[in-house]
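Worksheet: one structure, shown below.
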Amino acid sequence: MATTRDYDSSSLPDLLPLYYKRLFPYGPYYKWLNYGGVPKTYFTHREFSFTLKDDIYIRYQSFTDQQELEKEIQKKCPYKIDIGAIFSHKPKDHKTVKAAAFQAQEKELVFDIDMTDYDDVRNCCSDANICKKCWPLMIFAVKILDRALREDFGFDHLLWIYSGRRGIHCWVCDEEARKLSQNARTAVAEYLSIVKGGDSQVRKVILNEGNYHPSISKAIEIIRSSFKNYAVKLQDFLGDDVKLNKVLQLIPDEGFRKDVADALEKMDDVRQNSSARWTAIVALTEAVKTKGEYRKCHSVVEEIMLQYCYPRLDVNVSTGVNHLLKSPFCVHPKTGRVCVTIDPDDIESFDPFAVPTISQLCDELNQSEVGNEDSGKKRTKDYRQTSLKGPVLVFDGFLKKLEATWKGRLIQQSDLKREF
Amino acid sequence: MQFVSRHNKNKSVTVGKAVDRYPHQLQLYTDPPTDNISLREFEDFAVERLKVLKAVETVGVRHVKGSKDYNEALTKEFRTLNVQGIMKSITSRHRQPPDETELLERRKDHISHFILRLAYCRSEELRRWFIAQEVDLFRSRFVLESKDSIYKFLKLNNLDYQPISEQEKKDNLSELQAASPRSSSITDYYKVPFTEVLDLVKSRKVYLRSGFAYVPDNELIVIIISVFRSKLSRALAVTCRSLPQLEEDDRLLPMLSGLSKRYLGQDYTNKKALSGNITVEMIDGLSKTSFPLCMQQLHQAFRQNHHLRHWGRMQYGLFLKGIGLSLDEALRFWRTEFLKKMDPDKFDKSYSYTIRHNYGKEGKRTDYTPYSCIKVITTNTPAVGDHHGCPFRHTDPELLKQRLQSQMMSKDVVDEIISLCKTSHYQLACGRYFDWSHKSDTKFNPNHPNQYFEESQHFLSGDRMSQNDKADTQSSQNNVKIVQSQTFSQKSVSTPPPDQTRDEFDFDEDTDIEMQNTEIPEL
Ligand code: SF4
Ligand SMILES: [Zn+2]
């Protein structure tokens, strides 16, 4: 298994040319962003931005076709590529149109979930670091959001991407999603945000008494199914008194909070661990509920689970039509890892530490070269001969479904033309 | 609409025609008026509607919208206004069939609305205000209508929604009821694309399936309001674009801009007077004496962490600009503090740009406006690591209590403030805080952090309260300056955030460099 140690960020300038020349999956990439040419200007009016070496940042790039895109990327070898909106005019011409007329019109609905936003509930790492103990947070995020976006909002074309370091992105590519107004994007993002409040708010999830909204109930079920494994086993979230106290703070009713604290303190030493403590908290809550004092503790257990596990969105990223987001298949300059596609149906087995780095891919490419020198057969694309193959296959699957949507549209359009 | 300068041009509406044109006392204001009206009438209509909207606003700040208190206060307010016309339709029963007076009122309702569109379409801030008040006005009128009347209104406007079938209802009953707690088994549900009821989606008050929202009949109004709002918002944008033509009419231009200025109060955008009076050294002191709690919080957090995240820098930076910190001083202020934790290079590269940007020295060169309370309260909800927002809105009651107590506030006042917060009267809570910290009894209610600051300065320097505080003392007579005091719960068109991406590929641990703002010349 390749680790980040194999990658040295100073080698990036040497590796990028090869990566962009032979490995970047331009074909599928263009197919995606062109959306079958419905409408024709979809690709040409799309903003790309490049970050070059030494943080030189160029906005408003746009290209007429795949060829030009390839040529420019290979020429500039960007450290990072961002994808922006589809504008009213070609972004590269933006200086020639009046500022007011140059407007962002459409873009995928995007989500950005970043592990740094979980620092108050991670006991293993902080900031940009991630490990196997906290990665399950991203698994929760994918499962919960994927379900809600599909079942509640009816979106079908979700592209999930590992962001190369400490988070994931989701691109919702349905036509309806691309056309959403800023207000609608805000509403979707708010609907999906349950954990709220800044550092001055300790209790960040507040549920109403009574039935929960179906979307919340379903999220709770998803979390419940692996909460013990994650919070108790991996995070040991009640393992010492400091951690315990943090959790107790989330109980709103003072009397009940005290009762729980007392009961926990009285437990034998051998039972002073996360597992027994959690079982006790759940049991105490149930007991009080059945005693009829429902009000005191109606959602304590659920609120704790949600606060510790529910996906935390960066809402600002989702709301703006004009917001740029890092492109899939970029290389993260710090880790060297490629921003690969993730199959949401197989998220459990996705391992961020097994994502190929650029140096690994370049090695693999050289290796396959040595073995294949004399095979004169039709060459498969280079990226399909390396560890990029898996992610590209996931991408293919996504594209196949997406393609069906514009095939239908194209037939419609040509039918219309044939009418006279 | 034609404008005729002859005075008192006689009213040329004939009843027969008008019934066709105004078949209902409620309107969606789809078509602009085609009447000729005199300039005098033009101004009278406008002023009258403004008074009404102002009343709507005042009541909205004080009471929870839709509550009994709210409705009563609104009725009372309209009575005292004693305006003929528009509001009659709220305060009195309608005559069926409508007589001539009633029709004239509908006409006035119609025309006055369109005049204000002209006056209030010119800036984001004005539009936001106008939409919020018009929506509230419409809502309060709508709920007073009888079932029949509503039915008629929907039909007239092609809004006839059909409830879902009993079967579909049965199949989803448990979800439907869980999503809309106030519904029962006899509730009808309307199935509409979720984009038509964003307010309900946002607050998770409807069941969503496959992109459709199942709206219970008691929330039908939300659909209608959303239609009303989006029509109005779109129309204002169109009006704004076509305004230059109108402005050639030099009789109207001064009147229109006069109208919007007079009633929107202090405009912190173009306030230059204070600029340059404040130095970095004064900030610590001022933060204790004259900053509203939101800014105190940001200031302390900044001093403690030597860092503030994006929205914190925006909210605080623009506020400081508003109180008169010049660009050079601002750069000095941010730099000194940031450098305690960051190397100068990085600061210059990533942060000084935003500061200069706020002062209109970079990028689009727009001079950014300090955030009003409503903006602070309703937009950019703080997330983990943030310190911006309004403490009365975004702080746990427990924590807020502690904080206030640590300022040696007595229990009574703390309790009063907390209970105001709990009933969503954040600005009133802030006003109470003002009075407490100034040992005053001004009953002043802030609608802008900068206004809070200025009131405080006035007060401390012994001035009487400036005119602003009169906003609440029902002085809605002509020629009295009426200051905007916006409401917290309006759902407004939010200002698009400046372009930015936030992604994990930062050059450092910092999570929120707006590198995207750094428009480096294209190659
Ligand atoms: S009410 Fe306005 S001034 Fe007062 S704390 Fe909140 S945002 Fe600041
Ligand atoms: Zn970890």
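Cβ coordinates are placed from backbone N, Cα and C, and glycine is handled just like the others.
For the [4Fe-4S] cluster site, TrEMBL records B:C373, B:C390, B:C430, and the single candidate of B:C294, B:C421 listed with them is B:C294. For B:C373 ([4Fe-4S] cluster binding site), the count of additional Cβ atoms within 10 Å of its Cβ stands at 28 [all protein chains shown].
In the three-state DSSP classification, B:C390 ([4Fe-4S] cluster binding site) falls within coil. Within the model, the domain 'DNA primase large subunit C-terminal' (B:286-453) shows a mean pLDDT value of 87, rounded to a whole number. Residue density at B:C294 ([4Fe-4S] cluster binding site): 29 other Cβ atoms are found within 10 A of its Cβ, drawing on all protein chains shown. Using the Cβ center of B:C294, B:C373, B:C390, B:C430 for [4Fe-4S] cluster, the list of other same-chain residues with Cβ within 8 Å runs, in sequence order, B:P292, B:L293, B:V376, B:I377, B:P391, B:F392, B:R393, B:Y426, B:Q427, B:P446, B:P449, B:Y452.
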